[in-house]
Amino acid sequence: MFLKAVFIHIVFLFSIFDIYFKSPIVKNVVVYQPTHDAPADRVVLFVVDGLRAESFVNYTTMPYLRGIANTNGRWGISNTRVPTESRPGHVAIIAGFYEDPSAIAKGWKKNPVDFDSVFNQTLFTWCWGTYDILEIFTKGSTSNIFINKFDPYDQSFSSNKNTTLLDDWVFTKVKLFFDNAKHDNILNRKLKSKKIVFFLHLLGTDTSGHTHKPKTKNFLTTIKFVDEQIKEIEELIKDFYNNDDRTTFLMTSDHGMTDWGSHGTGDEHETQTPYVLWGSGVEQIRLKHIKLDPETNLMSHNHRFDINQADLTPLMSTLLSIPVPANSIGKLPIKLLNMSLQDRAKAFYSNCRQIIAQYDTKRLDVEANAIKLIYQPFISFDGSKVKETIEVMEKMLNNEEYEQVILLSEEIMQLSLNGLNYYHNYYQRPLLTTVTLSFMGWIMYLLRVIIQQKIFVQAEYNNLHHRRVNKLINTVITLFSTIMAVLLFLIVYVQCLPIQYHIYFLMPIFLWKLTLTPFDFWLQTVDMLKNNEKKYMLGVEVLCYIFGSLALAVALTHRWVLSLPLLGMSLWPFFSLSIHLKKTLSIAWTFGCVLLSIFSFMPVVGKDVWIELV
């Protein structure tokens, strides 16, 4: 019984990953080569790790970047997704998709699966920062990616000394790099190429936020240092390229942070990060009167344009006119770019073709193994419509119907993303059904064990010595279970689904077969309930357990609901049929439950310090 229970619960645990955490990576997607003219020759990407939007827009400790955002640049909120960790955030920015969940088993450090990124598509990319971030993008062939990394856990970078040391290391290395390039002809030749990226990962803000908290003087000093150094790096790069106006600068963050220095969940401070875009190819806002954004401290509302974090990937790709990474789901924020209508249409079309290719590859993967009789295609955008749409868009481009191309591309991108989500979760509903049936079967089996124990104690009352087995019903149950098991095994096998799917689909049959046979047990249970004088009270208890369990589930998203089962539990000693406590103990229990129920209405842990409660 014990080993059986352990196995079943392990299956339940792993089923969560197959139902909800499928890898978003689609293999063998062919990237689309863009045809538009590149607005820039190079992109400089600054990722200020752990910088939340609130720290940028409501404080004046980053005056240079705020000034850029309000004048010749653009800014906005980059909305991230859970989990708000460094690796998922960087993957979203540079690869355009939201993290492969299987990476959680590696602590968000190593790549379980290779994926495409902006760096892969560039001619050359130079990176500076911590090893655990840079190595995410250098698995496999890295002949075009050069990294200069350090260990953030080195004692020389201790946060007790100065959190700016982490960022100072990066900025110093970049300055030395460009100084050496003046004397290194090979490096100089590479740097004068087009389609290159410089990536600076700045960890000091994240470390300062964890150690000193985001509103402290130390944290604000750290981001002020970053602001000053970004200004110096911009001037250095412009001087190196003789102010050729072919460099685009982008500052953003991988994730935010709560007031108490944590991140990883879906708090607004964690999911809202800032970005500032300036330089070559950036659309200028030319207005005499600048409207201030009411949500910020003196930031320009006219210059603001909010995006999703994954949208930064096609943005950087478009600036360099390189293919959008294969698994990107980002949509190009075309309004941020200063491009001709023709180039806008071509760039948007390139983004659209990349998402179509991803969707179509996933669709064909599912169709290749699906059983035709039960296969349900994504009707809104099936195979014939994909080919037809591409032909129509190509014709519109040839006819110079650029505005129509942009409108149609936007529509098709959304349709493709919907279809991609549909096929990613194609087996989700059957898995949910079969795992739910397994849960119910296991609950009923445990109920049977409990009832058997109770009946065994009351053997005389139930006359268990004279049980009669209904052979016909047992035979029908056994036959039906066997047929269903064989049928489901073949369905899973024919579709070449992972081996664990056999367990998911066969387990409910096994559990219900175990629960229902011999069937006369349940007939005797019903007879016992009919003769029970307290059967109505028993029914009330069952309903209380059911609604209490549902309340616990709802409480995951609505904290106040947690008080309902606690208040219900406070009455338990007075109504329970099986437990009889002393009066003083019953009153103490009731008082304790009512006191606990208050907690769900209180602020989340960390926002306020209230030692008395502890």
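Any Cβ shown, glycine's included, is placed from N, Cα and C.
As recorded in TrEMBL, the features of this protein are as follows:
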- 418-607: domain 'GPI ethanolamine phosphate transferase 1 C-terminal' (DOMAIN)
- 431-451: transmembrane segment (TRANSMEM)
- 472-495: transmembrane segment (TRANSMEM)
- 501-523: transmembrane segment (TRANSMEM)
- 535-554: transmembrane segment (TRANSMEM)
- 560-579: transmembrane segment (TRANSMEM)
- 586-605: transmembrane segment (TRANSMEM)
When counting Cβ pairs under 8 Å to the transmembrane segment (535-554), the leader among 501-523, 560-579, 586-605: 560-579
Contact between the transmembrane segment (431-451) and the transmembrane segment (501-523) (at least 3 Cβ pairs under 8 Å, separation 6+): yes
Whole-number mean of pLDDT values that fall within the domain 'GPI ethanolamine phosphate transferase 1 C-terminal' (418-607): 83
